[in-house]
């Protein structure tokens with residue numbers, strides 16, 4: 001029967017069973033609706049009739065058709081039987097890619113990588129848990145059996161970025177010297193870590209070791225430097241009282257000894273023996289301690305006593321070879337060190353359990369106390385000077401051989417040089433001696449902030465400056481002069497040779513990032529100086545005063561970064577060039593100094609320091625208030641790096657006005673670029689101005705700061721939206737897994753450094769990346785910001801009882817004193833002086849820290 005065309009709304013005539021096929025032809029207005037219905041592969045005449053009798057059904061949307069097709073064709077295959085192989089193959093590929101060798105992706109080139117994805121975080125990762133239960137208190141308060149943390153995973157140190165301001169805030173701050181950013185954009189205020197070195201010279205075990213090594217090294221090191229006067233506990237209390245709620249972690253660096261078996265077995269907590277048996281058996285390839293010859297029949301017996309007979313031979317060997325003994329302050333309760341532990345008195349769980357409704361902010365943000373032994377911080381770099389490629393060779397063997405020469409160490413300078421290797425260290429640190437005390441409330445900004453950088457307290461006497469020469473008669477100096485001279489000699493090989501100011505005897509501000517830079521830049525000298533067990537030894541060129549080196553390194557890296565920003569990143573990129581000073585540069589310099597057509601014969605230019613408002617009264621307070629951060633409370637600021645570089649110190653009687661002007665000799669400073677109008681490499685000009693003729697670089701900085709106006713440093717930077725393409729990967733080079741932050745070469749001398757844009761970006765940008773060079777320079781400068789400041793501080797030598805009384809009366813009578821340094825080199829009345837000191841300490845800081853053994857949960861709590 002021939003088909004009949006359907007034209008609604010008229011009812012179609014009755015049809016035989018086989019006539020319905022014509023109604024589903026493509027020409028039928030019902031075709032799409034019928035064909036799209038689920039499960040209608042053979043519609044019966046009755047269903048077709050009902051469909052045709054019903055109202056008109058609009059065509060289905062494409063998305064519904066897709067869902068229908070997916071449901072019809074894919075759902076039957078989504079079963080455990082089909083999904084399990086897919087999951088197992090995916091897991092296998094992931095394991096191969098992450099643990100054996102990286103697998104290339106066919107889509108890798110379609111996704112453009114971003115540099116931000118390759119930077120490490122500013123936060124140093126927390127250290128691993130030590131073997132055993134490190135939350136337990138020590139069995140004996142004098143010593144602690146512990147399993148050292150492993151060496152940092154290579155390559156180490158990996159340079160991490162400083163905390164940068166957000167891009168829009170960074171631009172405003174560096175270009176204009178102020179910012180519209182508020183608390184939301186700026187983020188939370190920085191918190192600080194604090195570090196102390198401590199040793200108990202009265203400990204017979206430590207004293208016997210020192211005497212033995214003193215005889216081996218044939219030196220005479222006085223024991224009075226190591227006497228314990230109970231200063232540490234009160235130094236820590238003073239910091240807690242001065243900065244409540246603003247401290248992240250306290251770090252104690254402690255001496256340690258090899259594990260003597262079986263004598264030290266009694267220092268191992270019996271409760272951890274079962275776990276140690278399991279761990280020791282696994283390290284020896286055994287599956288269970290019961291398989292060990294001589295192991296106890298029941299693990300339950302292991303917790304009853306710890307004797308040589310109650311542990312397996314494998315565990316005994318494990319303890320002797322891998323465990324060590326830590327010297328500890330007797331007042332320290334190791335079970336109350338970590339506020340994140342629910343059993344800690346200040347943990348929210350413990351607070352709510354005690355029925356307290358409200359917690360004091362100082363307790364809610366109480367710092368963690370971490371300890372590290374000399375063994376755990378004495379390491380050598382396993383990375384090249386760029387901070388990116390791992391050094392090849394027998395690294396572990398080299399480090400172990402070096403440790404044999406360096407440890408045990410009785411030299412505080414050698415130990416201080418390892419502070420940056422502390423596990424879990426923050427970027428901003430206050431480094432204290434145990435005889436440093438904070439007497440007044442302080443803000444974080446009294447020490448460090450992302451806006452102004454680290455606060456340095458220099459001494460400003462001309463004759464107190466440190467000479468740049470290594471003197472043979474100071475190589476074995478028991479004081480610090482030899483270490484200072486050596487440190488300045490290292491700086492003078494890398495930067496201009498000059499006198500550099502000494503710093504006040506107060507807590508020092510260190511940034512972990514700068515410590516790691518110094519560890520790479522001067523790694524040979526620091527590795528050798530760290531093997532000097534005593535200051536009196538005649539090894540190498542002497543000790544290195546690391547804290548002073550880091551302080552002065554910050555000043556020099558800032559100056560270097562300023563000049564690189566102008567000479568290479570700004571002048572070197574004019575007119576589309578990436579590496580040359582040319583006619584465009586000459587025109588820019590003439591415009592900077594206001595040359596006219598008649599000034600071609602000008603050879604010398606007198607530069608005057610312009611007016612600056614960076615440190616005008618009230619400005620800093622407004623900036624911190626706008627950011628939602630606390631303004632400084634106990635510091636007077638003398639100079640900000642946002643105003644260029646510190647003026648040189650003058651001799652007594654010299655006119656201070658001479659630091660407000662300078663002369664630029666164009667022929668001398670710019671050489672053939674100016675005299676013969678030859679094009680030169682921008683990196684060569686950078687070396688000329690920065691190192692060969694440092695007075696030229698200093699005067700150019702003054703000129704550019706003046707040209708920037710009253711605030712900001714805009715004259716240094718390249719124009720906005722200046723982009724430079726980073727070099728592509730060279731033959732055989734591997735794609736970087738992580739990127740170091742913007743930084744300049746870490747070579748030990750300036751002669752061998754390559755300051756070209758291509759070289760700098762080859763290690764601090766992704767291959768082929770389009771780098772916003774203006775933002776890059778601002779991030780570079782952020783690493784080295786600093787303030788020169790002074791606080792009302794006292795430093796006293798406790799010689800006798802009468803002298804001690806006078807000192808304490810004077811301090812108590814002057815509430816302006818904010819920092820106290822107290823040297824206990826007692827010459828007479830030793831017991832009386834010690835009693836006076838402890839009496840004054842307890843009067844000044846009666847509230848005990850929560851980790852002290854006799855901490856009282858009522859008397860020692862914080863109150864509003």
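For all residues, glycine too, the Cβ spot is worked out from N, Cα and C.
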**Message:** Quick test of your reading of Swiss-Prot: among 62-82, 83-103, 104-124, where does it put transmembrane segment?
**Reply:** 83-103
**Request:** Using a 10 angstroms cut-off on Cβ to Cβ distances, just flag whichever of 200, 583 is the loneliest among these glycosylation sites.
**Result:** 583
**Fill in**
For residue 200 (N-linked glycosylation site) and residue 583 (N-linked glycosylation site), the CA-to-CA distance in whole Å is 67
**Request:** In three-state terms from DSSP, label residue 583 (N-linked glycosylation site) for me.
**Result:** helix
**Prompt:** To what whole number does the mean pLDDT across the topological domain 'Cytoplasmic' (1-82) round?
**Reply:** 47
**In three-state DSSP terms, the structure that residue 200 (N-linked glycosylation site) belongs to** = coil
